[in-house]
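To start, the structure under review is shown below, and the notes come after it.
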Amino acid sequence: MDLRLLLIASLSAVLGGSWAQPEGSICIKANAQSCGECIQVAETCGWCSDENFLTVGESKSARCDDLESLKNRNCDVTKIENPRGSITTNKNKPVTNRKKDMAEKLKPEQITQIQPQKLTLTLRSGEPQTFELKFKRAEDYPIDLYYLMDLSFSMKDDLENVKNLGTDLMREMQEITSDFRIGFGSFVEKTVMPYISTTPARLINPCTGNQNCTSPFSYKNVLKLTENGDEFNRLVSQQQISGNLDSPEGGFDAIMQVAVCEEHIGWRNVTRLLVFSTDAGFHFAGDGKLGGIVLPNDGKCHLENNMYTMSHYYDYPSIAHLVQKLSDHNIQTIFAVTEEFQPVYKELKNLIPKSAVGTLSSNSSNVIKLIIDAYNSLSSEVILENGRLPEGVSITYKSICKNGVEGTGENGRKCSNISIGDEVSFKISIESQKCPSHGKSEVIKIKPLGFTEEVEIVLNFICDCQCAAEGQPNSDKCHEGNGTFECGACKCNDGRIGRLCECSKDEVRTEDLDANCRKDNGTDICSNNGDCVCGTCECKKRENPAEVYSGKYCECDNFNCDRSNNKLCGGHGRCECRKCICDANYTGSACDCSLETSTCLAKNGQICNGRGTCECGICKCTNPKFQGPTCEICPTCPGVCAEHKDCVQCRAFDAGEKKDTCEQECSYFELIKVKDRDKLPQPTDQSFPLTHCKERDANDCWFYYTYAIRNDTKEVYVVENLECPAGPDIIPIVAGVVAGIVLIGLALLLIWKLLMIIHDRREFAKFEKEKMNAKWDTGENPIYKSAVTTVVNPKYEGK
């Protein structure tokens, strides 16, 4: 809406006052100044084009209202403009019921799997248009399969098993389709350092030892799609393994070329399968910097003599780029990779719609079974996608799948477990929230992923009413010809505003007249209580002369204040600008709060017992322990348990000191019995103070209870069973004593015996030692003495 229309809306939304606008009506609040603006607000809005519809003082925007309100306001039904959207089916060829054994073989373009094929939708803002789309898998549908193989050295043994793939796969695919074509391509890596060795010898033979390998290459289209399986075997048998330096391969370059080079590959408008076979990871966008390649992949075909020639010039494509190209060319991808790289390619599968991952054996011996299983998995699921939507247009899907299973949201786009011949349907709703700026038709397309067929949808937009075409420019009905009279109202020329275009923007100082009638840049003009006449609010009059609107924006009144006891401001104040001005000794939004404190005095003469504040004559206890009208009751203070012990005991167990006087002295609380302690109320479960008590009776038995005051009612929860100490068990005690005496006796005997053994051993060792020290001459009597005495003359010299 341009500035002129905004100014018109500001001025005319409140002109007049005889008709009360319904609160919450989106049509009224929009302040539409023409029929075209009105019908774009919501699908429920209509425009009354009756020239005599408005009463004196009503604004032009009052013509725009919900249909029921317009009828109630006596607008002629034939004068209500309410255009509706529509759906026209332009092409509705039924889905094909094709059989493999049919004598006549249909061409791919003659097979129909989706119905209808073209629709025209006329959209009105806010009104969704819903149509049904059917999908049926045709039997014997043609298939093109391109086998793209990694020919790095680690795939040497795999190549041997792929050499007979053509005829074997042809034979297996005959069970699925009679129209099958197969092609073959291979890839290694970019032909620059550091991905390959660029020494002359390694460029000729990149393999080490006695291995004879072919020169490295990026991507080679070996065989265009063909029906001749023997030709596939012959050409694949001629292929040689190559080699590179790093582990990730340049497979993304190859996939991009296979997708975009349709003529070189020979793709038909049929089911397109790409089998990507490798035992390594992949390079993607950004990795080309290692080789000094920084130009982003352009997504175009660069095959010369079936060889990719720009691998040294363009970087690897990004995953998003591949997703776009594979989707644009309706190619379904099967990643046949070794178990080691399953996690990597499963993550890649989640990013590429209509793709599958299979586990390739170490020598590719299971490749045929892998392809068949992956194809069955892909073809059993249909996923709808749409092209770019125009601004303001939204689309929702609802699927009705096999066995009546329904899906909404993202699941509304797809159906799974579809067998050949199964028919599923989708309910698709398209809604426009506004008219496009150019007002022209738009075209969107919906198609199942992986299929070439699509539904073309032409969108037309209802942006104006039919009566606008009969407008009278510069009509005399619009204040001296300052507007176009259309649909029963004046559509003002530039620079003019008002119901009859009677005001000029140049006559006021401000450029936006709305700003003078809106408070704080709000949406309500004159607070919905007055008329904005060329930038000035004129407040409405009420039937009761005592009730008046006032203020610059008619935002004040003297009758919309809070009430108490059905009296304005409680009868203790006056209403000024929707707020109560209270008399002395009263406060509050409705002057219902007395400032008197006599009702808050406790027995000790203190206000609220010194434990709270007096608000409106009622104590608000600041200490949560205290309760009551004057904060004098403290159920959780020390001594509570002992104070109520006897009464709880007599009422719950018919015992205790107050047993005889229980009925007279202990009826002041409500008693509730529970089974066990876990059933007692917990402090965290209550909004009022609670005390847990544990007391002992004359028999040394414990009993448990809680004491609380809730809403001036004293509540006692007590466990109905006493917890008494158990008596001693005599037999175990006697047996224990006897066993203890016996054990102690045995222990003493063992200790005595041990000491005796130690003593004897020491004595024996001592005896042995003395025996060893004695030196006896066993040849003579130890007490014998000779009778001969020999004397030697000391002077004798032997001469």
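Don't overthink the numbers, they just go from 1 along the chain as shown.
Here the Cβ of each residue, glycine as well, is placed from N, Cα and C on the backbone.
Per TrEMBL, C492 makes its disulfide bond with C501 among C501, C503. Of the listed cysteines (C631, C637), only C637 is recorded by TrEMBL as the disulfide partner of C634. Looking only at Cα atoms, C641 (disulfide bond) sits nearest to C45 among the disulfide-bonded residues C38, C45, C75.
Counting only residues at least six positions away in the same chain, the Cβ atoms of S564, C569, G570, G571, H572, G573, C580, C582, D583 sit under 8 Å from the Cβ of C591 (disulfide bond). For the disulfide-bonded residues listed here (C45, C48, C532, C666), the lowest count of other CB atoms within 10 A around the CB belongs to C666.
Sequence-distant neighbours of C650 (disulfide bond) (same chain, six or more apart, CB under 8 Å from its CB) are G656, E657, K658, K659, C662, C666, listed in sequence order. Sequence-distant neighbours of C539 (disulfide bond) (same chain, 6+ apart, CB under 8 A from its CB) are C526, N529, G530, V548, Y549, S550, G551, C554. For the pair C64 (disulfide bond) and C35 (disulfide bond), the Cα-Cα distance reads 8 Å.
Note on the domain 'Integrin beta subunit VWA' (34-465): mean pLDDT across this stretch is 86. Ranked by CA distance from C556 (disulfide bond), the disulfide-bonded residues C35, C48, C532, C616, C637 have C532 at the top as the closest. Among the disulfide-bonded residues C35, C75, C532, C634, C637, the ones whose Cα is located within 10 Å of the Cα of C48 (disulfide bond) are C35, C75. Taking Cβ-Cβ distances under 8 Å and a sequence separation of 6 or more, the neighbours of C561 (disulfide bond) in its chain are L568, C569, C575, R578, K579, C580, A590.
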